[in-house]
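Below is one structure, written out as structure tokens; comments come after it.
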Amino acid sequence: MNTIKIKLNLIDYDSIVNIEFPCLLSEIEIELLSQLLKGYSVNEISKRRNRSIKTVSCQKMKLYKKLNVKSDLTLWRDVFLRFKAYLQPKNIICDNFNSSVLPVVSSKGESMAHYNIYYQPIYNAKNGNIAGCDVTIALKNSDGSAFALDSDRINYNPNDNKVSYLFGHINKLFSPIKNNLPHGFFITININPEDILTCDIERECLHFIKVFGTERIRLVLQFSTKEELYIIRRYQSSLRRIRNNNVYLSLNDFGMGYAELSHLQNIPFSYVNLHKTMFHDIESNSLTDIIATTIIDLSKQLHIDVIADGIETKKQAGYMIERGVKYLKGIALSSPLPADAFVRKLLASLKQV
């Protein structure tokens, strides 16, 4: 039988992976599969190929069905189980997944050792205590320090193992202190809309609920608005199922990107993050005051809690408190912290209650 070979260069591991497929794939499917195996997201592939995200998503779903691949999380495993693959230069033949050891690879061949996880405290506006945290991943510099935590750095690519790694890190960090946390403490994990398609989010959420329960800790999935949210609208049933399992949803950077008022109407969000550009000049611009107040009042009527994200001055914090905003986050209160520093800050805050 004629075969098609796909060759992948894993630079971090000084290896080349060769995979042989039966001649059942078109040139477009071969190119798409190669990019998916390299860790490119649907969004990145759409830009490289000048195709819409929707088109690439549909092509990927058809490809996975043809190859009997369950999801992105199982892509490498399913490929190694069903097709012949081998590594160079070691020439390890592996007709099934269990007979080989493949390094864990995330986006574009980067290992998780290249990343740090940071926790930014979210404060209760009424009493000033830490009410939750925003969890993000930042890529390290060559010297081991972290890149600046701007939104372009911390929004990881969804088509990789970082989601599972992130959940594992959170479980390990909070398990020893879960009984010390105040009731309603919420942990916010940033994801992209296409993660609903490309990552086994629901499984990770259910495992989290199994470990921590629902009485003390709230798990919040926060959706980026940098890309279109049509995927969220398309998979509302999945979101509602997740929500019915006591996982909460948040809309990030409201007022920016693709965030629309209709999303508040059609998707069961419990939180919205009010982007700092919506209030950064609140002290000098009356129009900003009107817009921010309108968004806050609308959210209240929809029973959605507002998190003022990007507080830089005490006056901004005071303004938000006066308007009845429940939660505050920003460098005026605390910068994102490594895990150990965050836990120390959190436990110190709890002792003051």
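Keep in mind that glycine also has a Cβ here, set from the backbone N, Cα and C atoms.
The feature domain 'HTH luxR-type' is assigned by Swiss-Prot to 18-83. Taken from Swiss-Prot, the feature DNA-binding region applies to 42-61. Per Swiss-Prot, domain 'EAL' is recorded for 98-350.
With DSSP classes pooled into helix, strand and coil, the tally for the DNA-binding region (42-61) is 17 helix, 0 strand, 3 coil.
The average pLDDT computed over the DNA-binding region (42-61) stands at 86.
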